[in-house]
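Marked as topological domain 'Cytoplasmic' by Swiss-Prot: 1-9. Here Swiss-Prot flags 10-30 as transmembrane segment. The topological domain 'Lumenal' feature in Swiss-Prot is assigned to 31-166; the stated evidence is sequence analysis. Summarising the annotation, Swiss-Prot assigns active site, charge relay system to Ser44, His83, Asp108. For 152-163, the entry in Swiss-Prot reads region 'C-terminal short (CTS) helix'.
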Amino acid sequence: MNIRQQLTQLLTLGYVFASAFMLWKTLSVVANLHSPIVVVLSGSMEPAFQRGDILFLWNRDEKQKVGDIVVYEIEGKTIPIVHRVLREHHNLEKQLLLTKGDNNAVDDLSLYAKKQSYLNRKNDLVGTVKGYLPFIGYVTILISENQYFKFGLLGLLGLSSLFSNE
């Protein structure tokens, strides 16, 4: 393979990464979120969502309604939680939400921060679920939970780039 072919492959790879990054940033701006896509990591929302489903989020709604499926983050915890709004209270300044997983027996009070009885929509909510793709996100779960799968996948990608003819 000559230098021109190698440069062409490198530029094509750069184009793919730049396009993916621009698509991600466009989705972020349109949805008003830093992360407009999340993967379901547990079975707490079954049967609505299964582990490995990809969820598309939106954060341009003024208020949440009872029954909306929301994604929220708790201070001190790194993993976002996907649950349904069970109860809501609001006044002119803020909206407070109580959530619960469809497959859970009790509400999420035990998941919230200490001395927190409700989620504050402005501070805790990441977004509202507007759509999903079933099971496509399962690859990310396999990569994060299985070290051998991660290294095997990286090895295959490396080998394919070494032996490609284009």
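Don't overthink the numbers, they just go from 1 along the chain as shown.
In case you wondered, yes, glycine gets a Cβ from its N, Cα and C as well.
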Original post:
What is the separation, in Å, between the Cα atoms of His83 (active site, charge relay system) and Asp108 (active site, charge relay system)?
Top reply: 9
**OP:** Compute the average pLDDT of the predicted model within the topological domain 'Cytoplasmic' (1-9).
**Re:** 82
**OP:** Rounded to the nearest Å, what's the C-alpha distance separating Asp108 (active site, charge relay system) and Ser44 (active site, charge relay system)? Just drop the number here, would you?
**Re:** 11
Subject >> For the transmembrane segment (10-30), sequence-distant contacts whose Cβ falls under 8 Å of one of its Cβ atoms, 6 or more beyond its ends >> reply: 36-37
Original post:
So, in DSSP terms, is Asp108 (active site, charge relay system) helix, strand, or coil?
Top reply: coil
**OP:** Could you list the residues of the same chain, at least six apart in sequence, whose Cβ is under 8 A from the Cβ of Ser44 (active site, charge relay system)?
**Re:** Ile81, Val82, His83, Gly101, Asp102, Asn103, Asn104
Subject >> Other CB atoms within 10 A, centred on Asp108 (active site, charge relay system) >> reply: 21
Original post:
Quick one: DSSP breakdown of the topological domain 'Cytoplasmic' (1-9) into helix, strand and coil?
Top reply: 7 helix, 0 strand, 2 coil
**OP:** Measure from the Cβ of His83 (active site, charge relay system) and count the other Cβ atoms within 10 Å, all protein chains considered.
**Re:** 23
